[in-house]
């Protein structure tokens, strides 16, 4: 065995062995317990970054550990390959998005292989291939047939430079997040999937997800936003009644105005007759629309000239247009109670509208409505027949009053909106719908799928090539001329079901092969960043339930356990090209080897926490592997070891063996239960320290050292698999470490012959005492009293009491 650690050679040999033996190729095996470990697949941007390396290192460690436990482990990899960056790169580099994407995939695949990740590459998929997206198109047509898909006109944030629709969160200070252009509001027909039909199930099933971080579940609960309230009508003379939704019907008697969104039909009608209203609406359309911004932005409004009638009191209530009311939430109209809602309060103060208190604190505490709204619950006042009721009692009483008169009804509302899946981009999955000349919409027939995206295109940066080419859209439906939909799917569609396709990626007769899918699913461990807590993880859960209800999967949830790894930081900030603080994984691998990079990634922080990149830490990881290598080389050089005779061990041998099995016990818990790989590595480092100090002068001592080194190699094999491969062979094993079992704890090795006790006199430590582990209290007491330092501090005193706490301490009370 070469005494020098040469990572480039060692890693090439291990990877060659895995390739030759197809070590990570798996098939269904009913006789074995399965474990499906999945890390979120990357966008093929061109190069891996350290965030990828961390994510995939964690997944690989979990996968290799579970394999050593004897499980049938699936760990696949693929590419989330559609999306805007490919279009931008195509324009910049004058190359078709498909060519750019596949070149990036080839390069990044090589990087992943160089890191030694144990993927079943036979299952590799790229979402931009027709073999993949044809099934997404097929599934969409099935959802359409089931009534879960519809098209409607929808107001969108339109980026005039990028020529695309932006999500609310992509509008920053009224400008497109990427182009910086002023965003416009535009109405276009868009396709939606009815995620709201599943809102209750998506909410309730979060309670089943015991293996998910509480933070992620809370974020999803808030996003779904279930609320119970009342929907009621404010009549308007000569107009349709204005319908509003409120979660606080107890405050209804305090309404002093109603407010509608700029896009509300009443607002549009008012704008047609009043240019000031029209100008205000235009201004609203160019301000921030992300919900989070609503709380902090300046409240602005304009009076429409219309007056509504309060449904209970009959009083006149002015109708305003307000920039804080969103058309996308509720009915696009709100009843405003300035005394009991801070946003309504700020608006009322600005425009001199009445602030009518109708709730007082139940404890009678005074409130100052000149300063702020009182938003708590309490007892009703100034509310006619409802005076004296608590807020909870008034909720039902007012709801019933309205219901009896057909003026309102109780209603459950959701913050969640149906999923708009249309994108006006080229590089995405074509939406498989056609429109015949009579305006009827039809799903593309199955025998015409996939609707393939042309890949040999030139990008002009303005119009999608499939929109620019009128010939592409021309097709027939039942022999009649028809036009294809030229929008493409939101790329969250592809990532919402890829985990299921990995179970049978080669299937060309079905979206999912039932036997394979129901063997592997659900995913046992999913790993990815918390930035995906809402959209990707919610859409995947939704898609899974759609797959279940179409008979394609038989479980309710896609991911049993979720681990959200922390970011990789440098100089205290997230690595980014703009900050100039990135570290190229490729450079690190070439300098130190993949195992060192993996070891550093797993040692520097627990997986859920942010990791601070530290060159000295990488150097330290490299030194540790070299040290382990040298220890094994020296041990092998010392000659063959015989069989370990545990009964013939001296105290030093027993101590090393105890340390070995304590380490196995701790590391097994760190890997299996806690996911704290950093403390697992620290424990193995401690064991290696003990091994290096151990004097193996006899055959039996060499044998106990062999056991310790074997344990260290096995415990680190999931983290440094290449070095583990060579070291395991060097230690005399014919089987590869990839096929070795996880070491088991010998409980008898943990039993101590003697234990150390602290001896206190009057509560102060005066001695430490080694006693036989099985010594009785009387013996311990006698040994403690014989300690010279104890004698010194009890001399001339009367010993009143001796307290023996077994296995811990002796406390002598003397005065």
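Glycine is treated like the rest: Cβ placed from N, Cα and C.
The motif ''HIGH' region' annotation in Swiss-Prot covers 42-52. Packing against the motif ''HIGH' region' (42-52) from elsewhere in the chain are residues 79-81, 83, 85, 101, 104-105, 107-108, 111-112, 126, 529, 567-568, 575, 582-586, 613: each is 6 or more residues past its ends and has a CB under 8 Å from a CB in it.
For 574-578, the entry in Swiss-Prot reads motif ''KMSKS' region'. Within its own chain, the motif ''KMSKS' region' (574-578) is flanked in space by residues 49-51, 567-568, 613, which lie at least six positions past its ends and keep a Cβ under 8 Å from the stretch.
Secondary structure from DSSP puts residue 577 (ATP binding site) in coil. Counting Cβ atoms from all protein chains shown, residue 577 (ATP binding site) has 8 others lying within 10 Å of its own Cβ. For 577, the entry in Swiss-Prot reads ATP binding site, with the evidence type sequence analysis.
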Self-check item: DSSP helix/strand/coil residue counts for the motif ''HIGH' region' (42-52)
Solution: 3 helix, 0 strand, 8 coil
